[in-house]
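Colleague: Below: one structure in structure tokens.
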């Protein structure tokens, strides 16, 4: 789980854009001859500095059409001999590359992804989300058809290889293709691991293991800031986060296949053998009738996963559509809030570190409330908090920056709670033989949200700066209302069949009816 963090948000460090200006032949030599400081060199040779309007674009993407090698240039004000006012000097786009103000390197500095090519940085990140989406359509089927363990091992191997290939890519195009491949398998690896741990444990431990698995992702975020600070070169950073993932191939010897999946595939002997091994390692005595385990399912029910199974019955269809919307709205809220607020300080590493720490309280809130209250009400409340925080930010004056940041943190915390809990609910609402497929298909809407969010945010901000916040608010509030239509899964055994998944919302009421009936019979028995 922690290893997914550099893939999901590694663009922050791999693709950071430092201050830059055009490289002009002769400027370095003139600066050395005149003894200029770096600030003086910029002031004398870079257009647009110190002015308003489009100063950033002009200073970063335009240069004076001046031959800096001519000997007539003065050291005090070299351009004064060419024009009375330097604003009258002709400008042209950068032709000889750029000079970057950074001690390290990124894909931006190496491939010059600035000015007219700045969109290529966004494309680099979009390829990851596009890979997540494409992988969701394939990897989920593989995990449900051929097993969680095989899927985990194969996707881990491809993730590690594509990460290393990205680090040694000779050009932008090949780097893009390797990044797309990594996106296609890395999310499948994460979901396979998530599905495994939720199927290994009973309902009493399921929520703890699921939340801790996602807390590990936050640990990965925090650790990434430290690793990136220690390794400022993007290629070595990419290698540093990719090479250790090869160690996960040791899972072949240490992690068994899911007994639940084996039972769903009628491979009872293997499932029993694994459960006996688990009991032995836990120093427990397996039940005497363990070998009699079987699934009582309708003979006509298919055990091969199919996309149509997610919509076969009315309740499954409703659950699938609601979960899709929850995943989409959560992705837009989570990523959109980060983009809208933007970096508030000068230290990239500390900003990333502090913003990552916000997610730990979200996990604590989940662990405290999930057993006492359940799943559905905390998800609904968190969506409502996130949506309300976005709408309130519209009315906060720009001068109260601290209040805007505080509300944004509340919004991100709410989105984080939803993101962590919807994984658990998603796994609990589907039967075993389509559980992984349901996770991948529904969460694919999260990937679509990740692809479109940058365009939604920045295009709407061109119309009105607060317009994205209105969109976030509406998404959060409607998602909160839709969540209340899902059944509560607290303390409910994972469904094994389509029929059990369809009747999830009715189990609790039937149990109450049986309890009342037994109490009545007990009360009458002394008089009979």
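Placed from the backbone N, Cα and C atoms, the Cβ positions cover glycine too.
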Colleague: With TrEMBL as the source, which of 96-115, 236-255, 256-275, 276-295 is set down as transmembrane segment?
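Modeller: Of 96-115, 236-255, 256-275, 276-295, TrEMBL gives transmembrane segment for 236-255.
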Colleague: Please compute the mean pLDDT of the model over the domain 'Major facilitator superfamily (MFS) profile' (81-490).
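Modeller: Value for the domain 'Major facilitator superfamily (MFS) profile' (81-490), mean pLDDT as a whole number: 83.
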Colleague: Tell me, please, if the transmembrane segment (209-230) and the transmembrane segment (377-396) are in contact, taking contact as 3+ Cβ pairs under 8 Å between residues separated by 6 or more positions?
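Modeller: They do not touch: fewer than three Cβ pairs between the two stretches lie under 8 Å.
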Colleague: Quick check for me: are there 3+ Cβ pairs below 8 Å between the transmembrane segment (402-425) and the transmembrane segment (236-255), leaving out pairs under 6 residues apart?
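Modeller: Counting Cβ pairs under 8 Å, fewer than 3, so no.
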Colleague: Using a Cβ distance cut-off of under 8 Å, indicate which of 123-143, 321-340, 437-457, 463-486 has the most pairs with the transmembrane segment (377-396).
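Modeller: Looking only at 123-143, 321-340, 437-457, 463-486, the most contacts with the transmembrane segment (377-396) come from 463-486.
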Colleague: Before we move on, state whether the transmembrane segment (150-170) and the transmembrane segment (236-255) share at least 3 Cβ pairs under 8 Å, counting only pairs 6 or more apart in sequence.
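Modeller: Checked: the transmembrane segment (150-170) vs the transmembrane segment (236-255), in contact.
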Colleague: Report, as numbers and ranges, which residues of the same chain sit near the transmembrane segment (236-255): CB under 8 Å and 6 or more residues beyond its ends.
Modeller: 3, 6, 10, 13-14, 149, 152-153, 156-157, 159-160, 163-164, 166-167, 196, 224, 227-228
Colleague: Does the transmembrane segment (321-340) make contact with the transmembrane segment (123-143) through 3 or more Cβ pairs under 8 Å, each pair 6 or more apart in sequence?
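Modeller: Between the transmembrane segment (123-143) and the transmembrane segment (321-340), which are separate recorded stretches, there is no contact, as judged by 3 or more close Cβ pairs.
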